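Some features that TrEMBL has for this protein:
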- 6-118: domain 'Tetrahydrofolate dehydrogenase/cyclohydrolase catalytic' (DOMAIN)
- 137-279: domain 'Tetrahydrofolate dehydrogenase/cyclohydrolase NAD(P)-binding' (DOMAIN)
- Gly163, Arg164, Gly165, Val231: NADP(+) binding site (BINDING)
Amino acid sequence: MTAQTLDGAATLRTIKAELAERVAALEEKGVVPGLGTVLVGDDPGSHWYVGAKHKDCAEIGITSIRRDLPATASQAEVEAVIDELNADDACTGFLVQQPTGLDEFALLSRVDPGKDVDGLHPMNLGKLVLGESGPLPCTPVGAIELLRRHDVAIAGAEVVVVGRGLTVGRPLGLLLTRRSENATVTLCHTGTVDLAAHVRRADIVIAAAGVPGIITSDIVKPGAAVLDVGVSRVDGKVTGDVHPGVWDVAGWVSPNPKGVGPMTRAMLLSNIVEIAERSVA
Ligand SMILES: Nc1nc(=O)c2c([nH]1)NC[C@@H]1CN(c3ccc(C(=O)N[C@@H](CCC(=O)O)C(=O)O)cc3)C=[N+]21
């Protein structure tokens, strides 16, 4: 058996075409959405991500506001840039690319929660816990949207999430257990005693551990959907958490690259357009 591809790159193209129409409708009402990014330091990976986000924006008519700061930038300097973007009417929403090497909680907390396109501000994460609407974290929502658009059943599914990080695993548990998703979620992490026993029971496995190849074919239930969110660099190449042998057993697999990564960008664009639409409603 060879798994079907959960193609994030193609889905990003589809979503961009949908959003381009909504951006055009906003422009007719005199609103041009703008995305701001704050990048600290010169990590090549981070530069690539931020560049890709601005390219996406240009393609669909969203303007870009880019603030690149040197690795030597202080907490106060980054906070001053955040204050500036909070006050800038041309900036619909913005994000501080992680990691910064600075106090991330202080930075996240300083972003105007109404401009938080990452959905990671403590108030927006709190709204997610409380079941109130607000911007949602891009990577976990992107993973769910990728499943939805390939008709993988989520309601009633046994989902095993591997990893409890702030940007993926932890919010995924919250998102998937909402009434609108209705999945049963097991959140595994480095303290999990028998990972294989959990993964074997899963209809959907979402791997966000950052451990290359940790999900092997012998622990995947035949026909399961397996999403590879892990990002490690092995010899300079992006390597995911899912061992290639899994493609012979699973029903669906998201590749990495071209899986959940592009979906993160799609949900970022979607968050900006939604904030802009709310401003004219
Ligand atoms: N404040 C903040 N918000 C983020 O959303 C955020 C962040 N910080 N820090 C880093 C992570 C990582 N991230 C990715 C975005 C796009 C791809 C992506 O499009 N990857 C392509 C290419 C991968 C490659 O070849 O390097 C793919 O998977 O096909 C991956 C990863 C957003 N992040």
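The backbone N, Cα and C atoms fix where each Cβ goes, and this holds for glycine too.
Just so you know, TrEMBL annotations are computer predictions that nobody has curated.
Sparsest Cβ environment among the binding-site residues Gly163, Gly165 (other Cβ atoms counted within 10 Å): Gly165.
Long-range Cβ neighbours of Val231 (NADP(+) binding site) (same chain, at least 6 residues apart, Cβ-Cβ under 8 Å): Gly210, Val238, Gly240, Asn256, Gly261. Taken through DSSP, the domain 'Tetrahydrofolate dehydrogenase/cyclohydrolase NAD(P)-binding' (137-279) splits into 53 helix, 29 strand, 61 coil.
Mean per-residue pLDDT, taken over the domain 'Tetrahydrofolate dehydrogenase/cyclohydrolase NAD(P)-binding' (137-279), amounts to 97. Largest Cα to Cα distance within the recorded NADP(+) binders Gly163, Arg164, Gly165, Val231: about 15 Å as a whole number. Within 10 Å of the Cβ of Arg164 (NADP(+) binding site) there are 18 other Cβ atoms, across all protein chains. Secondary structure counts, DSSP: the domain 'Tetrahydrofolate dehydrogenase/cyclohydrolase catalytic' (6-118) has 61 helix, 19 strand, 33 coil.
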